[in-house]
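Heads up: the structure comes next, in structure tokens.
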Amino acid sequence: SLSAGLDLAGRFLFAILTLMTLIANLVFIEEAVYIYRKIPSSKRSIIIWINAAAPVIATTSCIGMWVPRSTMFTDFTAAVFFATVIHKFLMMMIKECGGQKLLLRRFENGRFKLSTGPCCCCCLCLPHVRITRQTLFWLKLGTFQFAFLRPVLMFLSIVLWTNGNYTLYNLSPKGAAIWINCFVGVLTIIALWPVGIMFQQVRTLLMCKKIIPKFALYQFILILNHLQAAIINILAMQRIIPCAPPLSSSARGAYMTQQLLIMEMFLITLISRVVYRRRYGDLEPPECMAEQAGDNKQTP
């Protein structure tokens, strides 16, 4: 921990960021209790998982900020958790349509548009695929593979790190980090594609369930946790972020990433509480009533 070497301003910043993390966790716990009481059991765990993404990333960033040696473990933990959230978000969209059977019945003559981001947004020539049980299975498999393989790659990275073969900031072709990171990047893009395909299909139907702001929050977490961190790491490796003894460029980059993530995830946690909180006792718009009927049939 570098807290002993901090000046007054540094300690004040660390205290404020730690307080933000604590508040984010308290807000999430309160929201989880509300979800558990008010939301049908078929959706309950999925929505709690998705709401937990921002507080978990804030917590891992806070631990990494106070204990710099743990940065690799905290970053991996946050990445593995969010890999599961990507799969859960796809499942949530299916559940919000009333479940797989009702979704297939509703879109029995519909087709999935494959030319969506991040894989194929420019490939307009791709055919539209019929919405069947098999195509839904492939979409689920696309997100599940990442939720399964990301922890496996995390375990492999830690094993190589303990053996001295994996260095987080060593991106030379001879190191293991560049190859593992590239493989993770490909798996991430494959996992994000099914979520984009499903969102394009159901966004009009689920407008009353605030699916667009929910998808926007999910995208913000993805961009901030992956793209922002990657950009700062590259700037640190190129020495564009200067070193400031006792911190090296890479250590300063890690600190900047962690501190930004705590502030950003704090805000996203507060916004998520507003977006995901619905008054289930109130009358819903007519287009939502069919989904609610489907939920009631599936709820034991």
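In case you wondered, yes, glycine gets a Cβ from its N, Cα and C as well.
A TrEMBL annotation is a machine prediction, not a hand-curated record.
Residues of the same chain lying 6 or more positions beyond the ends of the transmembrane segment (12-34) and with a Cβ under 8 Å from any Cβ of it are 3, 6, 48, 51-52, 54-55, 58-59, 61-62, 65-66, 259, 262-263, 265-266, 269-270, 272-273, 276-277. Annotation source TrEMBL lists transmembrane segment at 12-34 (among others).
Beyond the transmembrane segment (46-67), the same-chain residues lying 6 or more positions past its ends with a Cβ under 8 Å from any Cβ of the stretch are 1, 3, 14, 17-18, 20-21, 24-25, 27-28, 31-32, 35-36, 39, 74-75, 77-78, 81-82, 84-85, 88-89, 91-92, 95, 214, 218, 221, 225, 254-255, 257-259, 261-262, 265-266, 268-269, 272-273, 276. For 46-67 (among others), the entry in TrEMBL reads transmembrane segment.
Sequence annotations record features per position, and here TrEMBL assigns transmembrane segment to 73-94 (among others).
Long-range contacts of the transmembrane segment (137-161) within the same chain, counting only residues at least 6 positions beyond its ends with a Cβ under 8 Å from a Cβ of the stretch, are 72-73, 76, 79-80, 83-84, 86-87, 90-91, 112, 167, 176-177, 180, 183-184, 187-188, 190-191, 193-195, 197-198. Per TrEMBL, the feature transmembrane segment maps to 137-161 (among others).
For 176-195 (among others), the entry in TrEMBL reads transmembrane segment.
Summarising the annotation, TrEMBL assigns transmembrane segment to 215-236 (among others).
Look at TrEMBL and you will find 256-276 (among others) tagged as transmembrane segment.
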